[in-house]
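Annotation comment: TrEMBL describes 3-145 as domain 'Glycerol-3-phosphate dehydrogenase NAD-dependent N-terminal'. Residues or ranges marked as NAD(+) binding site by TrEMBL: GLY8, ALA9, GLY10, ALA11, PHE12, GLY13, ALA128, ARG242. Residues or ranges marked as NADPH binding site in TrEMBL: PHE12, ARG32, LYS97, ALA128, ARG242, GLU262. If you look up TrEMBL, you'll see LYS97, GLY124, SER126, LYS178, ASP231, SER241, ARG242, ASN243 marked as sn-glycerol 3-phosphate binding site. Here TrEMBL flags LYS97, ARG242, ASN243 as substrate binding site. What TrEMBL lists as domain 'Glycerol-3-phosphate dehydrogenase NAD-dependent C-terminal' is 167-301. If you look up TrEMBL, you'll see LYS178 marked as active site, proton acceptor.
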Amino acid sequence: MSKITVAGAGAFGSALAVALDMAGREVTLVGRNVDAFRSSRDNPRLKGVPIPESITLATELNVTRDDILLLAVPMQALSGYLEQTRPTPKAAVACSKGVDLASGRGPTAIIDDLLDAPSAILTGPSFAADIARGLPTALVIATRSDTGADLQETLSTDTLRLYLSDDPIGAELGGALKNVIAIACGICIGAGLGESARAALMTRGMAEMLRMAVAMGAKPETLAGLAGFGDLALTCTSAQSRNFSFGLSLGGKGPAPTATTEGRHTARAIVKLAETKGVDMPIAKMVAGMVEGDLTLQQALSLLLSRPLTKEWPYAYRTDLHR
Ligand SMILES: NC(=O)c1ccc[n+]([C@@H]2O[C@H](COP(=O)([O-])OP(=O)(O)OC[C@H]3O[C@@H](n4cnc5c(N)ncnc54)[C@H](O)[C@@H]3O)[C@@H](O)[C@H]2O)c1
Ligand SMILES: O=P(O)(O)OC[C@H](O)CO
């Protein structure tokens with residue numbers, strides 16, 4: 001079985017490394033921060049779960065065509081990281097959830113542009129702490145390459161169940177866009193706007209995700225799966241989510257988390273992309289405005305609620321409008 005190298009020793013990269021090591025895979029965890037926990041095996045990004053001695057720690061990326069490379073650095077760091085390291089693995093699997101602000105590209109497009117290796121995306125509802133503790137989790141591995149079945153087999157464990165998809169665009173946009181809607185839901189709950197309003201935001205947010213994804217060439221059914229609906233449900237309803245917690249703080253409840261919050265950047269990136277594609281994304285626009293400090297909560301709310309009354313679904317499914 002292929003060796004696995006995980007680049008990015010933050011919460012998610014470390015959690016994947018631990019889960020795969022527990023399942024008997026040969027794992028190397030690479031990160032600029034690994035020296036800080038090389039002897040203690042206690043990574044502050046993954047509190048309470050020691051990094052087993054069986055996982056090799058490295059500060060420099062060094063992969064061969066025998067290795068599967070999991071890329072677990074934040075989205076805005078991905079292209080710079082690959083430009084700098086130029087690895088040549090058997091397959092490069094992005095684990096980042098977002099859209100690159102500078103270029104509007106998703107993670108697999110960045111891999112395809114920069115590496116001579118098949119690209120894939122690993123995404124879906126999963127908190128790092130749950131994966132690291134071996135709690136049951138279901139994810140999607142999506143690729144257009146013929147490495148999909150091998151990746152699914154190698155990266156699945158007894159508790160980490162991977163479903164295979166041939167729609168990386170849909171899968172990565174599901175993971176990126178749910179973060180933006182989760183910020184909106186956090187704002188809603190933080191500001192005391194109620195559970196009914198959150199349900200409305202999740203549902204209309206799903207319509208925005210679907211419109212945008214289809215406009216980008218994704219299959220609508222991907223958005224109904226783990227990478228879309230599944231991750232939206234998790235992230236919009238759990239205070240464990242950094243995106244939801246960031247939203248809570250924007251809504252006036254609690255401090256902003258200092259950890260990686262992908263939706264802040266993705267909101268801005270997606271609003272730019274939606275304008276180019278002519279896709280209507282009012283909730284994302286409201287989130288981007290509040291993140292930028294251009295809109296107050298009251299302004300965002302009245303902009304959303306004063307939109308013309310419309311039909312619920314036909315517009316979202318009129319894919320011909322967006323192709
Ligand atoms: N934490 C989760 O529960 C979770 C779950 C699923 C997906 N993800 C995704 O995984 C990605 C990483 O998130 P995380 O939670 O591990 O974040 P994190 O902040 O815990 O860790 C990010 C890691 O990337 C490293 N890093 C940052 N910039 C870098 C650069 N320029 N070059 C090299 N390394 C760099 C940091 O040192 C850190 O170790 C995000 O896109 C996130 O959406 C996270
Ligand atoms: O903590 P968040 O908001 O980055 O969410 C983590 C995962 O993406 C949930 O699937």
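Glycine residues also receive a Cβ, built from the backbone N, Cα and C atoms like all the rest.
When the binding-site residues LYS97, GLY124, SER126, GLU262 are compared by Cα distance to PHE12 (NAD(+) binding site), the shortest distance belongs to SER126. Neighbour density around each Cβ, counted as other Cβ atoms within 10 Å, peaks among the binding-site residues ARG32, LYS97, LYS178, ARG242 at LYS178.
Following the DSSP three-state reduction, the secondary structure of SER126 (sn-glycerol 3-phosphate binding site) is coil. Of all residue pairs in the substrate-binding list (LYS97, ARG242, ASN243), the one with the greatest Cα separation is 13 Å apart. Just so you know, the Cβ of ASP231 (sn-glycerol 3-phosphate binding site) picks up 28 other Cβ atoms within 10 Å once every protein chain is counted. Taking a Cβ distance under 6 Å to any atom of ligand 2 as the criterion, the binding-site residues GLY8, LYS178, ARG242 reduce to ARG242.
In the three-state DSSP reading, ALA9 (NAD(+) binding site) counts as coil. Filtering ALA9, LYS97, LYS178 by Cβ distance to ligand 1 (under 6 A) retains the following binding-site residues: ALA9, LYS97. Distance noted between the C-alpha atoms of GLY10 (NAD(+) binding site) and ARG32 (NADPH binding site) is 10 Å. SER126 (sn-glycerol 3-phosphate binding site) counts 24 other C-beta atoms within 10 Å of its own C-beta, drawing on all protein chains shown.
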